[in-house]
Ligand SMILES: NC(=O)C1=CN([C@@H]2O[C@H](COP(=O)(O)OP(=O)(O)OC[C@H]3O[C@@H](n4cnc5c(N)ncnc54)[C@H](OP(=O)(O)O)[C@@H]3O)[C@@H](O)[C@H]2O)C=CC1
Ligand SMILES: O=C(CO)COP(=O)(O)O
Ligand SMILES: [Zn+2]
């Protein structure tokens with residue numbers, strides 16, 4: 001008998017399960033307002049007014065991003081009659097979420113703003129869900145596809161979890177700020193989206209081998225966001241407003257795919273498990289999107305697909321494609337490949353029950369990730 005009880009076993013034309021049967025929750029959440037453009041940060045008070053959220057605002061930001069935008073947005077809001085509480089986050093953990101929730105309970109905000117990197121946005125997303133109030137995503141870099149998703153990722157040395165949180169009610173992506181962020185962050189965002197290629201292949205595999213529920217529309221959106229970036233790789237350049245805009249749009253699309261699926265499945269497969277393993281193993285991990293991109297090159301090789309196409313697109317954009325370019329030791333790559341299948345054993349991928357040491361060395365060497 002199928003382990004998916006309420007699934008009636010109807011398959012769509014190409015053999016995948018009908019997508020309306022996959023979610024535990026009936027709710028799909030998407031942003032209501034998405035503002036992308038140069039200087040849109042100053043529209044924040046107007047956005048709050050439109051959303052009837054004027055009043056007290058709780059801002060989760062980071063050490064660097066407070067100066068980039070966190071303090072600035074607080075100034076703009078205060079000049080427009082709002083009262084702000086600024087919380088500088090340090091590490092994404094459930095304990096940090098608790099601390100934010102405790103501070104927010106005292107302050108009693110009308111909404112949360114996540115202003116900064118993936119970490120600050122994920123923390124604001126989870127804390128706002130816990131407080132049951134809306135949250136607005138204000139990325140200072142296009143480095144990850146969590147800017148519009150309803151998921152929040154928390155990783156530790158013991159566990160890597162993707163939590164159901166809530167989608168931002170609005171995304172305010174100021175391309176003036178994002179295009180001036182270190183280019184490495186933008187290129188990492190490209191890597192995170194390009195890695196959807198293998199995430200979707202893993203999901204299809206799990207659907208075929210394990211009858212795992214699959215959403216055609218989420219998979220298509222996820223693949224489309226990867227193709228948008230790979231097809232425009234030559235246009236993604238440092239300091240350009242147009243590049244920032246293009247990458248933000250792809251990240252939003254990828255985040256919406258996760259919200260449709262009700263899980264991070266469309267954007268996180270074996271290549272993300274490799275990245276999470278590397279976070280635990282490497283002395284000095286690289287950026288999330290960079291690690292996922294290199295993971296995608298290797299996982300595409302294991303899938304028997306066109307890994308060189310991914311590698312070439314990454315090179316064209318300027319995303320690292322080797323361990324040494326990421327500042328990671330070759331042995332750490334091989335160890336992460338060997339650990340990857342244990343990261344989320346319930347998520348079936350091309351890694352199956354794991355690689356042998358010689359297979360791990362081979363995939364990393366053939367794909368030129370290690371020397
Ligand atoms: N929820 C979801 O669906 C997803 C979540 N994620 C999560 O997001 C995280 C990765 O996000 P990512 O942003 O790559 O990495 P980090 O959150 O680690 O941020 C990277 C660094 O960039 C800095 N930074 C951000 N913007 C600027 C800027 N404009 N100028 C200078 N420095 C800047 C940050 O500063 P500061 O110290 O101020 O923060 C931080 O030090 C991971 O934890 C990952 O799991 C990734 C994809 C999807
Ligand atoms: O990083 C993500 C998608 O890009 C989220 O995936 P995880 O569920 O692996 O944290
Ligand atoms: Zn990711």
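Using N, Cα and C of the backbone, Cβ positions are placed for all residues, glycine too.
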Residue from 149, 156 that TrEMBL also lists as binding NAD(+) with 118, 119, 120, 121, 122, 140, 141, 142, 143: 149
Same substrate site per TrEMBL - residue from 145, 157, 234 joining 192, 276: 145
The annotated region 'Disordered' range in TrEMBL, which must be one of 1-22, 23-44: 1-22
Extra residues within 8 Å (Cβ to Cβ centroid of 145, 192, 276), substrate: 144, 146, 153, 195, 267, 268, 272, 275, 288, 289, 292
Sequence-ordered binding-site residues from 120, 145, 272 with Cβ under 6 Å of an atom of ligand 2: 145, 272
Beyond the site residues 192, 272, 288: chain residues whose C-beta lies within 8 Å of the centroid, for Zn(2+): 144, 145, 191, 195, 267, 268, 271, 275, 289, 291, 292
Neighbourhood of ligand 3 - binding-site residues from 118, 122, 143, 192, 276 with Cβ under 6 Å: 192
Rounded distance in angstrom between the Cα atoms of residue 143 (NAD(+) binding site) and residue 272 (glycerol binding site): 15
